[in-house]
């Protein structure tokens, strides 16, 4: 219970519902659990959401994840690699922004594996 009071002070200890602030106490709207408002007033919660957390929550995979349903078809173009000066690069395009903006072109050097993109 001490862990719950330290970290989850905005949530009911019994059912996990978010507590409602009333005059001198906070109350659970579901099970009517009460807690003194002095335990809650002035406390803050902060957390970090990473790009991986968002992808996992939305069920998205990385661009080069190599899943069977996300196979990327690479085409060839005569463009010199910035890293090894190979005269030919592989490329693919993908719509990564809104529909009224251009596609993003992803380049891959077949010799050294260097990757870059143009918007």
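Here the Cβ of each residue, glycine as well, is placed from N, Cα and C on the backbone.
Annotation comment: TrEMBL describes 12, 15, 28, 31 as Zn(2+) 1 binding site. Marked as Zn(2+) 2 binding site by TrEMBL: 81, 84, 109, 112. According to TrEMBL, the feature domain 'TFIIS-type' maps to 77-117. The zinc finger feature in TrEMBL is assigned to 12-31.
Take the mean position of the Cβ atoms of 12, 15, 28, 31, the recorded Zn(2+) 1 site; other residues of that chain with a Cβ within 8 Å of it are 13, 14, 16, 17, 19, 29, 30, 32, 33. Per DSSP, the secondary structure of the domain 'TFIIS-type' (77-117) breaks down as 0 helix, 15 strand, 26 coil. Cα spacing between residue 31 (Zn(2+) 1 binding site) and residue 112 (Zn(2+) 2 binding site): 62 Å, rounded to the nearest whole number.
Distance noted between the C-alpha atoms of residue 15 (Zn(2+) 1 binding site) and residue 112 (Zn(2+) 2 binding site) is 56 Å. Looking at residue 12 (Zn(2+) 1 binding site) and residue 112 (Zn(2+) 2 binding site), their Cα atoms lie 56 Å from each other.
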